[in-house]
Amino acid sequence: MIRVALRRFAQALLTALAASLLVWAMLPLAPGDPAYRILYSQTQKEPLPAEIEALRHEMGLDKPLPLQYAQWLGKVARGDLARSWRTGQPVAEEISRRLPATLTLVGLALVVSVAVALLLALISAAFRDRWPDRVIRVYTQIGAALPTFLFGLLALQYIVVGAGVGKVLSGGALQMAILPALIIGIDRAAGWTQLLRASLIEAQEAGFAQVARARGARPRRILLIHALPNAALPFLTAIGVSVGALLGGSPIIEELFTWPGLGSYTVAALSARDFPVIQAFVLISALLYVAASLLIDLAAIALDPRLREAHP
Amino acid sequence: MSPVLDCRNLSVSYGPTPVVHGLSFTIAPGQCLALVGSSGSGKTSVARAILGMQGPTARIGGQILVEGRDMSRATERDWRALRGLRIGYVAQDPFAACDPLRSVGHHLSEAWRARGLSPDPAEISRRLTAIGIEDAPRIALRAPHCWSGGMLQRASIAAASAHAPPLIIADEPSSALDADRADGILTALRASGAAILLISHDLALVQRQADRIVILDQGHCVESLDTRELGGQAHHPVTQALLAASQSLPEGTPTPRHAEPRHAEPLIRVQDIARRFHGDGPEVGQVSFSVIPSQTTGISGPSGSGKSTVLKMLAGLERPDRGLIERAPSLARPGAIMPIFQNPAASLDALWPVWRSVAEPAQAQHRMNRNQQKDLAAELLARVGLAAIDPEARPSELSLGQCQRVAIARAIAARPAVLIADEPTSALDTLSRARIGDLLAGLVAEGMALVVASHDPWLHARLNARRVEVARAAECTA
């Protein structure tokens, strides 16, 4: 088991390295000269050839590409994410000021969506084809079809403005994250509920569930002791895949609730073509995604004895 | 003595047509009654009805009396009070019956936990030791996939008889296992002292183990007799067909054998191949054999010994760690080696009409239009004896035996030189098994080389196979 886990860890490291290569390649492979773009975005004037040449040398753009990558990777490993072209501030500093707020929001949204999906799917599977199941299926279909920002707008209108609960201007504190996290979480939970319900029903009909029933087990015991762990494997995989999407989807909700997180900062950087910031955001998303996949895989290995066997 | 189970005029229907009609039988304490029929005869529906697990869409007619108590109006709660305590249950496939995520010890302790009791771990070990499992406390912690089928089925029997129920329902308890272990499983069942309702398609096995036999055909009881009366004369035609199909060796139908094969040159020569699971113990011990046209190579060995792995290595899907596989240059084309799988229903695309599945390998070799494909499919279906079925039918509309013949038609559509069949008959009842055996023997007589992996000595005998034994058992690391 330890060997399988170590192998999976090594794979994750390789994936992270490959992701970093792609992220780095965004800069030299994008059309146009980076030095020119930096100078232009800072002064909004046509820069002189001598200025461009000086900056190219300063940034090391005149060196061979593999060396540039190695130097960039070394800096990233030390936490140096270069300076924003737009503001001239170190990107690492700007991000570390905003990342906790985003992680709070995304983390809370993840907890909400897993809890909602787990609860609703269990109710659905326990009351299959009866009214609780039908109501939940209507929610999952609407939730999966509608975009997140629509929920957000409706919540703003009716909960914050209408009922006076919560705030439009929120400061990044945990209690303020509850409303936006609920919106992201409930929206995200719709698809997961569908998936988990289907897996639960499949597991409830499996041979081992029938045998447990023939031994006199109650439906609740079959659902929780046998069906849930077996249905958890595809569910875990879906959660792992969604972590990246949650992070990528946060800008819209952050914008809506004026949340001081990474999302709104990145949107501003995107419109200004502020490359180091975009690079940093993509890198952080990729690393979080790799880390989440690794955690999910290790959880699956712990859950399923069949995965503990080393396969060539 | 009052009967443990008394079924009076029992009928089961899903929708408008009943699948079981007016079935009546009784089982006395300690008696073994076998319900025998080919697949689709309604045996499993009867078993489910007696557990109260027929499902919400089924309607039950007549009476089921368990220890004298009429269960016609029983609620789910009433049934639950009987399950496990008064009626035990042993399923066909022990691997499907165990939760794959939990240990076998857990599976056994479920018999208590399902009833809200907590068993003593020493009691679990004692029960496992009683069924012949050495080092039980350690082995019990292993997951089901690490166990052999026979041992796992014994553990399932131990779980079914945990509360010493007066009746145990066993649904084909030995058909997923090696033939020589079937009797051992039934002996273990009878040792529990319970009355047994044995569901089976294997009349030869039933004849050795059961006291009474009820023969079912399409939901009707066609004959009910004492086991000693079997083998006499004047049986119903269905009984005779079942009896003929379950003879351990086919009599009077010797395989047509070519004294001199047209090509004596082997198509595949296998020398001392061996393969391991990554890093850990051997999966396949050394085997050597040749695959020759117009001959059958029969690979046998206990479950988990690596029969399937040998076939995969022959087909080039996996490489041996050691040894050599030489293939004739004529096998280099696609379709020269074609597989036939164990589960015929799963090996056909459920959404495709039969003609499309059958014509697919030929279509892959050179493009054909729909009509050409349908013509080819009709020709091939006729060759496997399925001229009567609708080529537009989906696999779900066919029986398992018919599906397997469709799968064979698909395999020969590629004009293979070598057919590789992995347990082609183990999912089938005895009648279908006999037909598949005839069909495969016919193909070998036409010049094809066949490699068949099976734990069924009947099939090897029917195909006149040169036997290759794979002996080593797989080591499990978990």
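Our numbering is plain: 1 for the first residue shown, then up by one each step along the chain.
Cβ coordinates come from backbone N, Cα and C, glycine included.
Going by TrEMBL, these are the annotated features:
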| type | residues | note |
| --- | --- | --- |
| DOMAIN | A:99-296 | domain 'ABC transmembrane type-1' |
| TRANSMEM | A:105-127 | transmembrane segment |
| TRANSMEM | A:139-160 | transmembrane segment |
| TRANSMEM | A:172-190 | transmembrane segment |
| TRANSMEM | A:223-247 | transmembrane segment |
| TRANSMEM | A:280-303 | transmembrane segment |
Under 8 Å Cβ-Cβ from the transmembrane segment (A:280-303), and at least six residues away from its ends along the same chain, one finds 1, 4-5, 8-9, 12, 15-16, 19-20, 22-23, 26, 76, 81, 91-92, 95, 99, 229, 232-233, 236-237, 239-241, 243-244, 247-248, 262, 266, 269
Counting Cβ pairs closer than 8 Å, which of A:105-127, A:139-160, A:223-247 has the most of them with the transmembrane segment (A:172-190)? A:105-127
Using Cβ atoms and a strict cutoff of less than 8 Å, what residues sit near the transmembrane segment (A:223-247) while being 6 or more residues removed from its termini? 102, 106, 109-110, 114, 117, 122, 125-126, 184, 188, 191-192, 195-196, 199-200, 202-204, 206, 208-209, 212, 217, 284-286, 288-289, 292-293, 295-297, 299-300, 303-304
